[in-house]
Amino acid sequence: MLNAQQFLNQFSLEAPLDESLYPIIRDICQEVKVHGDKALKMYNLTFDHTKTDHLEISHEQIKAAFDTLDEKTKQALQQSYERIKAYQESIKQTNQQLEESVECYEIYHPLESVGIYVPGGKASYPSTVLMTATLAQVAGVENIVVVTPPQPNGVSQEVLAACYITQVNQVFQVGGAQSIAALTYGTETIPKVDKIVGPGNQFVAYAKKYLFGQVGIDQIAGPTEIALIIDDTADLDAIVYDVFAQAEHDELARTYVIGEDAQVLKDLESRIAKALPNVDRYDIVSKSIANQHYLIHASNFDEACHVMNTIAPEHASIQTVNPQPYIEKVKYVGALFIGHYSPEVIGDYVAGPSHVLPTNRTARFTNGLSVNDFLTRNTVIHLSKDTFEQIADSAQHIAHVEALYNHQQSILIRQS
């Protein structure tokens, strides 16, 4: 256990990306740009040990995955989809009916095409499809494309079922940096898209960073993280599994628990130690707990909030007797979960907001994915002659001050 000042003195995050990967990513992207599908099939064999004669999964296969899914899983995915859809519809920016006198305003248009990366790796993630494709669908994106790493037994049936529910247009079994390059450049089979979203490993994150500017991206994601503020009213057994739930994602997952009561933190520490040997996914959880788990003793409310805002975690959870004051004070987090019945895991699946959230302290300046990230926003300026005449002198004078005389002339010629 550390006191708040000790923690803050040593707190740092590793660079979110391993710079040594840069040459590898560059070479992969160039290979895909030049050789297209041939390169993708080669990388599937090299990295995923899977031979793929056909990169695209047919609509018949996608529908069959949904049709043959067990009813309980189907209902769970459907409920998640409905809640996500309803929430995103409620926050979607829309074009407003304007009075004729309004001369400056904004209009919104959906992106034309979006690529979604759905991780394979250590687990199957249909929730990633729901938390991304639903948003694109609500926005009105015309072409939604999913890429996901090939598996020896084929792409997860749950992932394909989620693609069916969200009306994804195309699904391709290709992953890693090569899939990001394919979505950026386009290949014989995979269409070029305008924006790529979705979480992935370091190769995926670095490819998104490398290709940003040629394609839009949501974020460059690092390891997942949660920070909790608790007091003596928190259910410590539940907190143990809030910690384990985050830790099981990745050996590098970070978990922080902040509290003003040192004894509560000690009790939690002993419960974690007792439960750890028998936890599912022990190999992953134990490494995360050993290397990336912190108990932090804060001296008061303000200090607890300061620690939370400094961490700026992807997920923040407040489980105290009176959580309301924290809602205003905790400012820099990806998502804020309040109370015993709002565990972070509910946000992973069915709460409604997307679980694609900023990591590595980027919550200090960016936000979680939403329907509005799949819209362009255009300003429209349509001035009357009267308004032009009221402001033209200022415009032409500023142009003169900046020595941009053709700018100035563009105004003057309209005044004459």
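Residue positions begin at 1 at the first shown residue.
Backbone N, Cα and C atoms are what each Cβ position is placed from, and that goes for glycine too.
From a predicted model like this one, the values you see are computed outputs, not experimental measurements.
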Looking at Swiss-Prot, which one out of ASN95, ASN169, ASN201 binds NAD(+) in the same site as TYR117, GLN178?
ASN201
Which one of HIS306, HIS315, HIS382 goes with THR224, GLN246, HIS249, ASP348, GLU402, HIS407 at the substrate site, as Swiss-Prot has it?
HIS315
Sequence gap of 6 or more, C-beta under 8 Å: which same-chain residues meet both conditions with respect to HIS315 (active site, proton acceptor)?
THR224, GLU225, ILE226, ALA227, GLN246, VAL333, GLY334, ALA335, PHE337, GLU344, GLY347, LEU357
Which chain neighbours of the NAD(+) site, leaving out TYR117, GLN178, ASN201, have a Cβ atom within 8 Å of the mean position of the site's Cβ atoms?
PRO119, VAL147, PRO149, GLY175, GLY176, ALA177, SER179, ILE180, GLY200, PHE203, VAL204, ALA207
Give me the largest Cα to Cα distance among TYR117, GLN178, ASN201, the residues the record lists as binding NAD(+), in Å as a whole number.
12
Name the secondary structure element type, per DSSP in three states, that contains ASN201 (NAD(+) binding site).
coil
Neighbour tally for ASN201 (NAD(+) binding site), based on other Cβ positions within 10 Å of its Cβ:
18
